[in-house]
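Student: Below, the features straight out of TrEMBL:
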type     : residues : note
DOMAIN   : 5-95     : domain 'Potassium channel tetramerisation-type BTB'
DOMAIN   : 153-416  : domain 'Ion transport'
TRANSMEM : 154-173  : transmembrane segment
TRANSMEM : 185-203  : transmembrane segment
TRANSMEM : 252-274  : transmembrane segment
TRANSMEM : 286-305  : transmembrane segment
TRANSMEM : 326-346  : transmembrane segment
TRANSMEM : 387-407  : transmembrane segment
Amino acid sequence: MSDEIHINVGGTLFETKWSTLQRHGDTLLGSLTTTSEYYNKDKKQFFFDRNPDLFNTILDFYRNGVIHLPTHICGWNWKQELKFWRIPVTDISECCYPTYIKYEKDQNLVNYIKNAFVVRTAEYQTHKVSCLAGIKQRIWLFLEEPTSSIAAKIFSVFYLLIVLLSAITPMLATHPDVRQKFVDIDILIYWVNLNGLNLWINKENPKEVMFVTTVAPKWLKDLDLFITIFFSCEQILRFASCSRKKEYFKDWLNVLDIILFFAMWTIFIIDQLFAEKLLENYELLIFYSVCYCLAVFRLLRFFRITKQYSALRILLMSVRASIKELGLLSITFIIFVLLFANLIYFAELRDPTTFPDMVIGLWWSVVTMTTVGYGDEVPKSALGRTVGSLCAVSGLLLLAMPIAVIAGKFNDLYEKNANREDFKKLHTIRKICKVHPASNIITLKQSKSLKNTPDLNTRELESNSDNKIFDIDM
């Protein structure tokens, strides 16, 4: 049997030796026989319907033992070729491996962005839906996807204003000029003593005195009630229109809404029915205070508009993608805080006026490493100031690292998302050209008006693809 073998790849004939291919017997070419499905007995050659330009590199692998990937070829093509020829990626040359890894990372970023920006309407699009299901779909898109329609976009802006208003109302409720006085503190104490009650108020604390002797004005209470009703209705509609109830509870914003729902209505009920009990029941006061503190988290509803502003969502995705690096930073930060807390305590041990214990040293380490420096505790000895200098410099170097990591992730994600948005615009233009054949040339500048066009169905785009001409005017 001759050692020569003829291989036809996409119409181009290649000639090599059996002994060369059999160096890697676990690959497709290395395991070829004349009984293979790829063998043409009439022409006495093997035929593969593959790209002949890429096959030269594949053939060089059997000659040299490693794969060298040309950088001008898309990484996706090489992944498919290696898979077809059954060549493991571990045989890629060390000098070319970064090229392949870059493709894998880019592909992971693209998939990450796609999953984050997907409009979850597949359950409504796969089959015909009833009238009720159609109404639920429209309500869900109206509340959940700001870019689904102009009305949804207007609602998202109104929603943002309500969120900001809900954050301002608690601040106004604590301002002395806004609150209305209804009783003097001395009269209140006399009434409490007369009824044999225990008053928990510290008369020397002006903040506590203000809260028990004044009330929020009626207009502020009505405004807060309106905000509570608005968010309650919005939450009920959102939950009722959601077709996947289990998925609903996996979103932390939905869980936050549920917590705030009970907290706000609890505050309202206590204010209306048990306001006087707050003066005598300390446990009820603690419960009321916890609910009031939870209400502060209403501002986190702001993150719902990230679906309208892709740059903000990319920023959050960057932080999420950097969670491992941030975790490593936190551990390192804690170690350094503990280290400098010990050092500053022993450095100032001879001074009786500074750092009475290491717990104060922990506080000092945190505010020094974060370059806040309140100045409530400062070292006075030369050794203590040296430790303080090292602590401040260490904090600067340590906190600079995550900024670079998050910025790098943000740039990568932002660039990939920008490319994705441009690509979606071209698909939208193609769809319009299919509907209006007279418009054969459309520029990207003209397509800016398509920015708020809802996502088109991918299958529909593929089925409507044609050979229109696009003037890409950047």
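Using N, Cα and C of the backbone, Cβ positions are placed for all residues, glycine too.
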Student: Would you mind splitting the domain 'Potassium channel tetramerisation-type BTB' (5-95) into helix, strand and coil residue counts from DSSP?
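Tutor: Split into helix, strand and coil, the domain 'Potassium channel tetramerisation-type BTB' (5-95) gives 36 helix, 19 strand, 36 coil.
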Student: Which whole-number mean pLDDT does the model give the domain 'Potassium channel tetramerisation-type BTB' (5-95)?
Tutor: 89
Student: With a Cβ cut-off under 8 Å, give me the same-chain residues at least six positions beyond the ends of the transmembrane segment (154-173) that come close to it.
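Tutor: Counting only partners 6 or more residues beyond its ends, the transmembrane segment (154-173) has Cβ contacts under 8 Å with 142-143, 146, 179, 216, 220, 223-224, 227, 230-231, 234, 292, 295-296, 298-299, 301-302, 304-305, 308.
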